[in-house]
């Protein structure tokens, strides 16, 4: 192709392609016989946007830049194209003279160019100055493009499988976070129960005449998530003791109903006479009952998870995955839920086994419903002839 020799034609073409303020820039095809890249280079030169390509002498090349895989003529050709096309290595690779010189990839051209730039920077550097040496890892770039090509050439089945595995991974991570949160809540409940029991024993052992009327500041710290945190009425003004007996809004309706049921089973009035001592003891009783209710819920969840792990272990053992005898589901202790260790080289690949098998825990009521449903189904089977 021949470049446009008329400067007026180039200016008219740039005037036609210049958009008005606020309008969208149109895209016009290049005129026949002209190179759009040359116009772009001319525009960048007018605005002073040029790339500084280093220049080396014959002596510097022979002393520092000589390479057996590259001749000086080929290196000069590379740097000449780098100046013409402002280090656009894709364009440089396209315009490279592959007939006269050895066929090179884009990574080879980049590696040679940046290697020479680094050598010249080291040689010409003033002692005691910080150097910003350009570094290009050709091996890393080749691996990156290879991985990108493999990613692009995936089949729809492989894409669907990867999406499925990512969804399963997110589910496993969500269940793991949920178990960690439940474990932390359970630890807080156990700590609160131990603290409350220790506090009760200390109060019983201490003589009554040495007990001050208000010793709330020296009580051990109890986690706020354990039991009920009743509001403090220490502000100025007159308040009723019955206000101190009202349950806070943070207690859910399910806990309130369970608390009322437990109070009725103990034969305690739901609204006793609000004396000073009775209000304090009644609030502590309800807080302990709520703590007991939460501990029962946590214990039921742990039992359900343990049962699920036992059933899973038994199923894997029957399938021959674990390489050991099946452990009965009613085996005592959590040690029965641990899978047996297989010898190396025997059995299927451990990657085939499922990592996370714990589902959402069931509440005690749902467990009762399941047990009643299973018992009714067994009775129906027994009645059939």
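One-based numbering along the chain as shown.
Cβ atoms here come from the backbone N, Cα and C positions, even for glycine.
Now, the feature entries from TrEMBL:
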type	residues	note
COMPBIAS	1-10	compositional bias 'Polar residues'
COMPBIAS	176-185	compositional bias 'Basic and acidic residues'
COMPBIAS	324-340	compositional bias 'Low complexity'
DOMAIN	49-120	domain 'DAMP1 SANT/Myb-like'
DOMAIN	161-319	domain 'DNA methyltransferase 1-associated 1'
REGION	1-23	region 'Disordered'
REGION	176-223	region 'Disordered'
REGION	322-385	region 'Disordered'
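Broken down by DSSP into helix, strand and coil, the compositional bias 'Basic and acidic residues' (176-185) contains 10 helix, 0 strand, 0 coil. For the domain 'DAMP1 SANT/Myb-like' (49-120), DSSP puts the residue distribution at 43 helix, 2 strand, 27 coil.
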